[in-house]
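Enquirer: Pulled from TrEMBL, these are the listed features:
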TRANSMEM  A:58-76  transmembrane segment
DOMAIN    A:78-157  domain 'YdbS-like PH'
REGION    A:163-183  region 'Disordered'
TRANSMEM  A:199-219  transmembrane segment
TRANSMEM  A:255-279  transmembrane segment
DOMAIN    A:283-358  domain 'YdbS-like PH'
TRANSMEM  A:381-402  transmembrane segment
TRANSMEM  A:408-427  transmembrane segment
DOMAIN    A:427-505  domain 'YdbS-like PH'
Amino acid sequence: MSDALSADPRGALAAADAGSDRRLHPLTLMLNLVRQVPQAILGLIALRFSGPDELKPWVGLFALLALLAMVGFEFYRWWRFSYRLDPEELRIASGVFSRNVRSIPYERIQDVNLEQGPLARLVGLAKVRLETGSSGSGDEGALDSVDLAEAERLRDVIRLRKAQQADGAPSGESDAGTEATPLPQTEAPLLFGMDMKRILTAGVFNFSLVFFAVVGAVVNNLDFLMPDDFWNPRRLLDFLGLEDLFAALDLAARIASVIAALIGLVVVGLVGGIIRTVLREYGFRLERTETGFRRRRGLLTLTDVVMPLHRIQAAVIATGPIRRRFGWYELKVQSLASDSDKESDHSIAPLATADELRHVLGETRIAWETDYPAMRAVDPAMWWVPLVFALPVPILGLGISAYLASPFIALAYLLLPLVPLISWLHWRAHRYALLGDQLYVRDGFWNQQLTLLPLRRVQSVDIRQSFVGRFIGLAEIAIGVAGRSGAVTIQAIPIGDAIALREQLLGVAVRNRPSGTS
Amino acid sequence: MSAGFADELVFAAPSPDGLSAGLRPLDRRYVHVIRLMTALVVLPVLISATVTEFALVGKGVGEHGMITAPVLALCAFILVFLPQRKWKRWGYAAGDEQLRVARGWMFRTDTIVPFKRIQHIDLGEGPIERMFGLASLTVHTAGTHNSIVTLPGLARGSAEAMRDAMRLHIRREAE
């Protein structure tokens, strides 16, 4: 099942017919309709239960009319959507009321990614997503959906034309498709894969209360079906027939039941994390293709993502205090185009040992030469200065409310030491190092992240100093990097060090030939 | 009053430490631009203070001048003294290979963008800037943080010269 995406497209390639308009696969219609059914049904239920009384007999008729309108609209939309592989560009014509023809030159297409949802897999369709590297939503060019062979053909033709344009060779008029016989992806060497045992292990570290979020969302949408004040605990116990039982319990039993509930929460969190991880990482394969990485994963929704090496800007090695003890790390790379799941990092090894990780990293031009013990700590002012400003407020507030309202509030003082503790842990976790032509920055105590930034990827450098920082002679460095949601920052270093570090960071950008960003 | 003014109420020159060394000031005329732009912010405050005062006095509460006088004094202070100080907080340096822009006092930021990393350059003129023959230079990098760095208050001619020098650099790197 997992190799559905590698179906042989040679037959389809031979039949390539550049320059003719093509429509999406007709089954797309069915997929789009099926996707809308749950909403429609919810709407009808809501109408049935909460609409005006006079309208209730007509609900069936409304449903029929709505269905017809939906089918008609979807069909028309499908009919008006077409795409064409011209010699120089891909053209997509769309729009029901206002027509829009989009031309995407092949050389501007950065990635061709395929994505298959569970339904699409049943009927053998795939969504083709073209990343153009513009800062839009990432849906600049999406063909949703075509059959798998056509998707593979599109990917190969686009890659070939892109390569031809890059070489400056004239692109063949109609025989370009037939030339595209080499298919390096299918026999590309496997760099990193995860078996079921590894995926389950990853799930254990992926503690997630998403289950409750799902329940919450469902309840939110269906609350018109529930009696008022359903969530009142007494009412809930009553509803479940447990009230008498609960009242009969003594204090010890009540405490025991609370502990049992907490254990239950942990179990649900673990199971939720495992399920989520299995759904996402099932059949994880990272391959080395000619130009970069290709990642395939997913149990229900299968994704197939290509990442050219030259667009990788930085790498992040993530771990946690427990994972680290077992020797597990996650490797993410930051690339110029956004991933299909709108994450800014592409996870290319979700749970790997240090050796496996170095093996993958070896393919990029990024090294992992140092780690926490050898890195430089920052000034301890990082943890205590914010406390000077942040702590007086809760201390005073608690004192006043304990005095005015209830002395029990003063118990909250017991929690206050947690604030400096967490602050201190974060300071201890924050370290940096400049080694060779790479900057290493480590952050986070619970989610430990080690950022590996090659200096050739530095776009700009800020030195920031607040009035407090000026008073104690400390500054912060913020480095702009492409394809990352925020800056790479080093906090609380002496101003002299900051200025010297900035010189070194920019040395490569200013002296050497540029390596560019794309 | 916006937070921007609050930053500037503290009287002190930028410290002559290493961070501010080698910076050039903006064009003197930019002081007037700041003053006019501040006036545009201050004016509504002045108007609403006057309206409130007339409404209150009409109801027989208080005397004329009880609100307008202090507000007027504050506005005068802001308009007379602060633009000069705000202007002084800015500084820039355009070397052969990089552009450096420093700004702010309470939260000072000192940015360096290597010419090689510039994607494109904007030369902008607001209506007030044009009145004084000034322009602002904006450079864009590929970074997501800090991808837009703006340097206001340059004489139009020198802004154009800087732009052309940078553009030459970008073109040379592209080859």
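Including glycine, each Cβ sits where the backbone N, Cα and C put it.
Whatever TrEMBL says is automated annotation, not expert-curated.
From a predicted model like this one, the values you see are computed outputs, not experimental measurements.
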Enquirer: Using a Cβ distance cut-off of under 8 Å, indicate which of A:58-76, A:199-219, A:381-402 has the most pairs with the transmembrane segment (A:255-279).
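Expert: Going through each listed stretch, the top one turns out to be A:199-219.
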Enquirer: State the non-local partners of the transmembrane segment (A:199-219) in its own chain: residues 6+ outside its ends, Cβ under 8 Å from one of its Cβ atoms.
Expert: 226, 265, 268-278, 281-282, 284, 320, 322-323, 328, 350-351
Enquirer: Taking helix as H, G and I and strand as E and B in DSSP, count the residues of the domain 'YdbS-like PH' (A:427-505) in helix, strand and coil.
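Expert: Tallying H, G and I as helix, E and B as strand, the rest coil: 23 helix, 42 strand, 14 coil.
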Enquirer: Could you tell me what the rest of the chain brings near the transmembrane segment (A:58-76), counting residues at least six beyond its ends with Cβ under 8 Å?
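Expert: Same-chain contacts beyond the ends: 29, 32-33, 36, 40, 44, 47-48, 51, 96.
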Enquirer: Report the mean pLDDT of the predicted model across the domain 'YdbS-like PH' (A:283-358), rounded to a whole number.
Expert: 84
